[in-house]
Amino acid sequence: MNPKVEYKQIQSHDEAENQVLQHECHQAKARKYYRCAVVIAIIITLLFCVLASQLLLFPLFSITSQTTTEIVLNKDIQCDDQCRFVLVESIPEGLVYDANATINPSIFQSWLNILTSAKSSVDIASFYWTLTNEDTQTQEPSAHQGELILQELLNLKQRGVSVRVAVNPPDSPLRAKDISALKDSGADVRVVDLPKLTDGVLHTKFWVVDSEHFYIGSANMDWRSLTQVKELGATIYNCSCLAEDLKKIFEAYWILGLPNATLPSPWPVNYSTPYNKDTPMQVMLNSTASQVYISSSPPPLSATGRTDDLQSIINIIDDAKKFVYISVMDYSPTEEFSHPRRYWPYIDNHLRKAVYERNVNVRLLISCWQNSRPSMFTFLRSLAALHSNKSHYNIEVKIFVVPATEVQKKIPYARVNHNKYMVTDRVAYIGTSNWSGDYFIHTAGSALIVNQTQSVGTSDTIQMQLQAVFERDWNSNYSRTFNTLSSWKEKCIF
């Protein structure tokens with residue numbers, strides 16, 4: 001019996017052809033899918049490369065920018081310059097001290113010195129300009145020194161020295177004449193509209209000469225600041241490290257003097273500084289190792305690294321171990337020019353804390369003249385009230401009065417102690433601001449802070465020089481004990 005055999009039906013020609021066509025179609029589809037997959041893979045690869053570049057390359061640029069900032073801020077705080085520091089004053093005509101009293105070089109002479117030595121540039125940050133007596137419409141002989149300074153400035157362009165002036169908007173045509181003369185001589189002048197930018201004024205008073213020498217202090221560009229107003233400042237010679245740091249503040253004013261200027265936030269890195277209260281510059285001043293930095297106000301004008309002026313003052317008060325001596329024209333724990341009125345107790349609180357918690361000896365020598373605000377004496381009386389034989393809180397307040405003849409009394413905005421400094425057992429602070437809230441919140445100011453306590457055994461430090469000036473004035477016949485509010489007007493008149 002034959003075995004059962006399964007037979008397959010033989011496909012027809014058409015059926016075979018269909019199978020071939022179907023096979024080729026499948027292959028075509030496969031090739032199409034393959035090509036699509038390759039294209040998709042390429043696109044994904046490209047997208048990955050773009051993403052990688054964003055993750056790797058762009059942060060690299062960011063890191064480069066950040067590194068630039070860090071280089072500026074981590075710059076070596078050691079300065080190799082051998083700087084010469086000179087404490088300078090203007091003593092008003094008719095104000096005479098005892099024969100053995102401390103006397104410092106004049107601001108007029110120091111200004112003349114750095115002007116005559118200028119080789120390439122003079123940059124001046126200023127509140128206003130009245131170096132001639134045209135603003136008073138008089139022929140006051142004591143204006144001669146101011147007129148000499150203005151003439152030296154007008155001659156600088158002829159010597160190939162560039163002059164830049166940053167100034168607050170003039171408040172009267174009479175205060176614009178010096179500015180016009182400077183422009184006519186070839187000086188570059190920019191009006192910094194801080195009233196618009198910060199609701200304050202450009203109250204700073206400093207010079208930078210050849211990026212090597214500088215002056216900073218209380219004296220305005222005013223003939224009275226040389227002969228009719230008591231002023232104090234510092235002139236530093238051969239000190240490019242500090243001069244260049246102060247110049248950064250000037251450059252900030254300069255850029256804000258452009259038309260339609262706005263406040264940068266943050267400031268570009270080239271305005272930053274590595275020198276501040278935490279990392280002061282290590283520099284030799286008068287052959288003495290010193291820690292120095294420059295503070296600034298208001299905060300919106302301070303670039304990265306710059307200590308705000310208020311923070312500097314508070315830090316110095318808190319750092320004092322034995323005494324805090326303050327000599328300023330105005331002192332008030334308020335915002336004097338705000339509407340509505342605002343209480344502003346920051347400095348006041350730290351003074352009280354120093355007296356109460358650390359038994360620090362605090363003395364305030366405040367100016368008293370015809371433009372003094374009556375409210376100031378209310379707050380001064382509050383501070384003075386802390387001192388008594390029972391409390392043993394060591395705080396004293398005196399007022400300083402510059403004498404005036406009948407002729408001198410007719411000179412407007414003169415015959416006043418315009419100083420703006422503080423000295424402790426550790427630090428010397430020389431500033432440009434009055435001590436009320438407005439000057440630290442809205443108004444542009446700056447200060448030089450010097451600490452030489454590391455130089456053990458050094459005689460005649462800058463701190464000692466400033467202390468000697470304070471004690472001379474405190475013990476002089478022009479200083480009067482502050483007792484009651486009712487008597488302050490009588491005490492302000494000689």
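Quick reminder: no glycine exception, Cβ is built from N, Cα and C everywhere.
Here Swiss-Prot flags 1-37 as topological domain 'Cytoplasmic'. Across the residues of the topological domain 'Cytoplasmic' (1-37), the predicted structure has a mean pLDDT of 46.
Under the heading transmembrane segment, Swiss-Prot lists 38-58, citing sequence analysis as support.
Sequence annotations record features per position, and here Swiss-Prot assigns topological domain 'Lumenal' to 59-494 based on sequence analysis.
Annotation source Swiss-Prot lists N-linked glycosylation site at ASN100 (among others), citing sequence analysis. Within the same chain, no residue at least 6 positions away from ASN100 (N-linked glycosylation site) has a Cβ under 8 Å from its Cβ.
Residues or ranges marked as domain 'PLD phosphodiesterase 1' in Swiss-Prot (evidence: sequence analysis): 198-225. Residues 88, 90, 107, 110-111, 114-115, 117-133, 140, 142-143, 145-147, 166-168, 178, 192, 231-240, 242-244, 246-247, 249-250, 253, 263, 294, 298, 300-301, 329, 411, 413-414, 418-421, 430-433, 438-439, 441-448 of the same chain, all 6+ positions outside the domain 'PLD phosphodiesterase 1' (198-225), place their C-beta atoms under 8 angstroms from a C-beta of that stretch.
The Cβ of HIS203 (active site) lies under 8 Å from the Cβ of PHE127, ASN168, THR432, SER433, TYR439, THR443, ALA444, GLY445, each of these being in the same chain and 6 or more residues away along the sequence. Taken from Swiss-Prot, the feature active site applies to HIS203 (among others).
Marked as active site by Swiss-Prot: LYS205 (among others). LYS205 (active site) falls outside any helix or strand according to DSSP and counts as coil.
Reduced to three states, the DSSP call for ASP210 (active site) is coil. Look at Swiss-Prot and you will find ASP210 (among others) tagged as active site.
The Cβ neighbour count for ASN238 (N-linked glycosylation site), using a 10 Å radius over every protein chain in view, is 11. Annotation comment: Swiss-Prot describes ASN238 (among others) as N-linked glycosylation site.
If you look up Swiss-Prot, you'll see ASN260 (among others) marked as N-linked glycosylation site. Taken residue by residue with DSSP, ASN260 (N-linked glycosylation site) is part of neither helix nor strand, so it is coil. When other Cβ atoms within 10 Å of the Cβ of ASN260 (N-linked glycosylation site) are tallied across all protein chains shown, the result is 5.
What Swiss-Prot lists as N-linked glycosylation site is ASN270 (among others), and the listing cites sequence analysis.
If you look up Swiss-Prot, you'll see ASN286 (among others) marked as N-linked glycosylation site, on the strength of sequence analysis. When Cβ atoms from all protein chains are considered, those within 10 Å of ASN286 (N-linked glycosylation site) total 17, not counting its own.
Annotation comment: Swiss-Prot describes ASN389 (among others) as N-linked glycosylation site, evidence class sequence analysis. Sequence-distant contacts (6 or more apart, same chain, Cβ under 8 Å) of ASN389 (N-linked glycosylation site) do not exist in this structure. The DSSP secondary structure for ASN389 (N-linked glycosylation site) is coil.
Marked as domain 'PLD phosphodiesterase 2' by Swiss-Prot: 413-439. Remark: secondary structure over the domain 'PLD phosphodiesterase 2' (413-439) totals 3 helix, 12 strand, 12 coil, with classes taken from DSSP.
Positions annotated as active site by Swiss-Prot: HIS418 (among others).
The number of other CB atoms found within 10 A of the CB of LYS420 (active site), across every protein chain shown, is 27. Sequence annotations record features per position, and here Swiss-Prot assigns active site to LYS420 (among others) based on sequence analysis.
All chains included, 16 other C-beta atoms sit within 10 angstroms of the C-beta of ASP425 (active site).
Comparing ASN286 (N-linked glycosylation site) with ASP425 (active site), their Cα atoms are 19 Å apart once rounded. Inclusion criterion for the recorded positions ASN260, ASN270, ASP425, ASN434, ASN451: a C-alpha placed within 10 angstroms of the C-alpha of HIS418 (active site); this criterion is met by ASN434. Per-site Cβ counts within 10 Å over the glycosylation sites ASN270, ASN451, ASN477 peak at ASN451. Taking ASN434 (N-linked glycosylation site) as the reference point, the recorded positions whose C-alpha atoms are within 10 Å of its C-alpha, out of LYS205, ASN238, ASN260, LYS420, ASP425, are LYS420.
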